[in-house]
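Below is one structure, written out as structure tokens, with a few remarks after it.
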Amino acid sequence: MAYQSLRLEYLQIPPVSRAYTTACVLTTAAVVSSCGATSSFFQQLELITPFQLYFNPELIFKHFQIWRLITNFLFFGPVGFNFLFNMIFLYRYCRMLEEGSFRGRTADFVFMFLFGGFLMTLFGLFVSLVFLGQAFTIMLVYVWSRRNPYVRMNFFGLLNFQAPFLPWVLMGFSLLLGNSIIVDLLGIAVGHIYFFLEDIFPNQPGGIRILKTPSILRTIFDTPDEDPNYNPLPEERPGGFAWGEGQRLGG
């Protein structure tokens, strides 16, 4: 019974969020397995190590290790507080975007992934970052926060603020933990570029829509019918946890 409940809950997650979150968890689990047991299958064959996943332009473009363009977005470090923190935020805000402003627009959501990943890879050529998954999470949080400006947030029960400040609060939290804020700044920058080109510039006088989802993505991902039994997470409950719970003003 418990297995069936977990399976149904898992299948309720929208496809893009489910695929990306699962890939991140499995990648981390595989690396942990390969580095853990002294006689494990992974370790004996040395199939998966962080050195085979990280972003390295020379290995990508000179040695054609193209998989690094993807795997550097999937590994979030060893299992611990930082990993769990990132996974929770990745799952929650990725899912709420897909079920909220991107509901029924899976192709547009995939295109945002591709556009954000491309920009981060481009910027990654000039900064010393080897894994970009955390920056990608911050990008998702930024886009959600700008599209829900009136949601009030609560962070660990200590701070109350409106949603657009959430990425900056997370950056401050990273600073307190002794982490580099370059990751957060990269995610905020890419998120702002996407939000500006998608939500702001087209609505300005003389503005045009620059970002257009390729028709091939619409053919692959968009379906005309929605499941009538689908029950999305309400966007006015962004956290579900002590540090991310919020409500709309006037509610």
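The backbone N, Cα and C atoms fix where each Cβ goes, and this holds for glycine too.
Just so you know, TrEMBL annotations are computer predictions that nobody has curated.
As annotated by TrEMBL, compositional bias 'Gly residues' applies to 241-251. Summarising the annotation, TrEMBL assigns region 'Disordered' to 226-251. Taken from TrEMBL, the feature transmembrane segment applies to 65-91, 112-145, 165-197.
Among residues of the same chain six or more beyond the transmembrane segment (165-197), those with a C-beta under 8 A of the stretch's C-beta atoms are 82, 89, 112, 115-116, 119-120, 123-124, 127, 129, 132, 134-143, 145-147, 153, 155, 159, 210-211. Long-range neighbours of the transmembrane segment (65-91) within the same chain, counting only residues 6 or more positions beyond its ends whose Cβ lies under 8 Å from a Cβ of the stretch, are 17, 20-21, 23-25, 27-28, 31-32, 50, 52-56, 59, 117, 120-121, 124, 130-134, 136-137, 140-141, 170, 177, 179, 241, 244.
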